[in-house]
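Enquirer: Structure provided below as structure tokens; questions to follow.
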Ligand SMILES: [Ca+2]
């Protein structure tokens, strides 16, 4: 390994570590969820959320084979606009492989509960500066285990890679 390459790797490593300590807006609440189950809601739920918000929520449960999401109520976002270019408020759901699964927008949307493969799931809630705010969203997630929840070498190494990816995603969002 050349010195230059070592320096490059080291700078990437340092930026990842630094990004781990980057907090999102206090109103958003915690951004990282590693427990087997938990509840994630929009800021102030069920009161109307604020304008001009950008919150992200990373669920990463070590060793989980899949993650289930149960909506506590209909997703209630601004109904005036649902166009990422023109404006509106959105809840994005992204799978662990980076594929965007849902782009939710609109008032009083009844969503079906769902289960996705893998141990991670990412949510991002973005609101613009205009329009009436709905009450937002609230859901409960549960991690499922195919092997009884035992951590093995594979899941531990995968866990490390996920941590790096989560940090990278945080860094991307914070620098966007
Ligand atoms: Ca809005």
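Quick reminder: no glycine exception, Cβ is built from N, Cα and C everywhere.
Annotations per TrEMBL:
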- 28-55: disulfide bond (DISULFID)
- 28-144: domain 'CUB' (DOMAIN)
- 1-23: signal peptide (SIGNAL)
Enquirer: Would you please pick out, from the disulfide-bonded residues 28, 55, the one with the fewest other Cβ atoms within 10 Å of its Cβ?
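Expert: Lowest Cβ count within 10 Å among the disulfide-bonded residues (28, 55) is 28.
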Enquirer: How does the model score the domain 'CUB' (28-144) in terms of mean pLDDT?
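Expert: Across the residues of the domain 'CUB' (28-144) the model's pLDDT averages 95 on the 0 to 100 scale.
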Enquirer: So how many of the residues in the domain 'CUB' (28-144) end up helix, strand or coil by DSSP?
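Expert: Summed by class, the stretch gives 1 helix, 57 strand, 59 coil.
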